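As annotated by TrEMBL, domain 'NADH:quinone oxidoreductase/Mrp antiporter transmembrane' applies to 23-287. Residues or ranges marked as domain 'NADH dehydrogenase subunit 2 C-terminal' by TrEMBL: 290-343. Taken from TrEMBL, the feature transmembrane segment applies to 56-74, 94-115, 152-171, 178-197, 203-222, 243-262, 274-294.
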Amino acid sequence: MSPTTTTILISSLATGTIITASSHHWLMAWVGLEMNTLAIIPMISKQHHPRATEAATKYFLTQAAASATILFSSTTNAWQTGTWDIMNMTNPTANMLLTMAIAMKLGLAPMHFWLPEVLQGSTVETALIITTWQKLAPMALIFMTSNTLPTTALLTMAMISTLLGGWAGLNQTQTRKIMAYSSIAHLGWMAAITTIMPNILTLNLVLYLTMTTSMFYMLILLNSKNIKDMATSSTTSPTTTTLAMLTLLSLGGLPPLTGFMPKWLIIEELTTQNFTTTATILALSALLSLFFYLRLSYSSTITLAPNTTTTKHKWRFKPTINTTLLTTTLPMSLLMLPITPMIC
C-alpha cells in the first residue's frame, strides 16, 4: 500500500472518530461511523489473500448492519420525541436497539462472532487498529447516552462477555485470537460499569487501550503470531519477551500491575451499588482470562533460562516499527496501580 493511500485511510479513520465523538446529531454520528468502516476495509484486505478478503467482508457486513440499526433506533426516537439530539434518547425501544447496535460494533457478546475471525484474517498492525482505535467512536456514543441505556441489558451482556471471553480463549493458540477474546472480556467489564459510573468506564477504556497497544507492539517486534512463536522468541530477545509476559499478566488483572486497577474499582462500585451477583461473576470470569494469559506467559518465558537445545531459532531481529509509542505505553501498562487512591 502506497504512503499516499495509507495517509488517506488513517486520516479518514481519525476524522470519522472525531466527527462521531464531537457530534450531537445522530446523522452526523452515523456519518462518522461509516467513515470509520469504509476506511478500515482496504486496510484489512490489503494482503490480497482469501482469508483477508473474507475478514473484510465479515467486518463490512457486521458494521453496516450495526450502523443501520443505530440509524433506525435514532429515527424511532426522533419520531417519538421530535429531536435528533444524541443526549435525548428517551424511547425505551430505541435505547434497546441502540444498545444492541453498539454491542455489535464493539464486539460485545452475544454479538461478538465477527471479532476473532476478522482479527485472525488481518495483519497484526490492522488488528491493533481494530481492537483500539475502532472502539473509540462507539464508546463515545455509549458515554454520551450512558444515562438512558438499559442497565439490565448491559449487565447481562457484561457477564456473558466476560465469561465467554475467558472460556473461548482457553483453547486458542493464535495470538490474534487470544487478543480478540481478551478484547471481548475487557469490553464486558466496561459494559458492566457504563450506567453506574461513567468515569470508571473512561479510566478502564484508557488503560485497556494502553495495555492492548503495548501488547500488540511487542507481538509485532517479536514477530509472534502463535504460541509457538512466543516460545522461541525468548532466545532472540529475552528482555522484550519478559516485558510481553508482564503486559499479558497486566491484561489479566494480576496485582500489583496496572490491569488490576480497573477491575478493582469496578468490583468495588458494583458491590457498593448492590450488584453483588454481577460482581461475583465478573471476578470469577477474570480467573478464566488470567489462566490463558498465564499459559501464554509461561510458554513465552519457558526458554528464558540457559538451555542446550539444538533446534533452530530465528536470527536476532531488527525493530521494524517506531518504538516511541511502546516506550510510552509500556510503563503505563505495568506501573500505574499505586496511583489508584489518587483516582478514587
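Here the Cβ of each residue, glycine as well, is placed from N, Cα and C on the backbone.
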Ranking 94-115, 203-222, 243-262, 274-294 by Cβ pairs under 8 Å to the transmembrane segment (152-171), which is first? 274-294
Surrounding residues of the transmembrane segment (94-115) on its own chain - C-beta under 8 Å, 6+ positions past either end: 33, 58-59, 62-63, 65-67, 69-70, 72-74, 76-77, 80, 130, 135, 138-139, 141-142, 145, 148-150, 153-154, 157-158, 160-161, 164-165, 180, 183-184, 187-188, 191
Which residues, given as numbers and ranges, are at least 6 beyond the ends of the transmembrane segment (243-262) yet have a Cβ under 8 Å from it? 182, 186, 189, 200, 203-204, 207-208, 210-212, 214-215, 218-219, 222, 230, 233, 286, 289-290, 293-294, 296-297, 300-301, 330, 332-338, 340, 343
Residues outside the transmembrane segment (56-74) whose C-beta sits under 8 Å from one of its C-beta atoms, at least 6 past its ends, are 26-27, 29-30, 33-34, 36-37, 40-41, 44-45, 84, 86, 89, 93-95, 97-98, 100-102, 104-105, 114, 117-118, 121, 130, 141
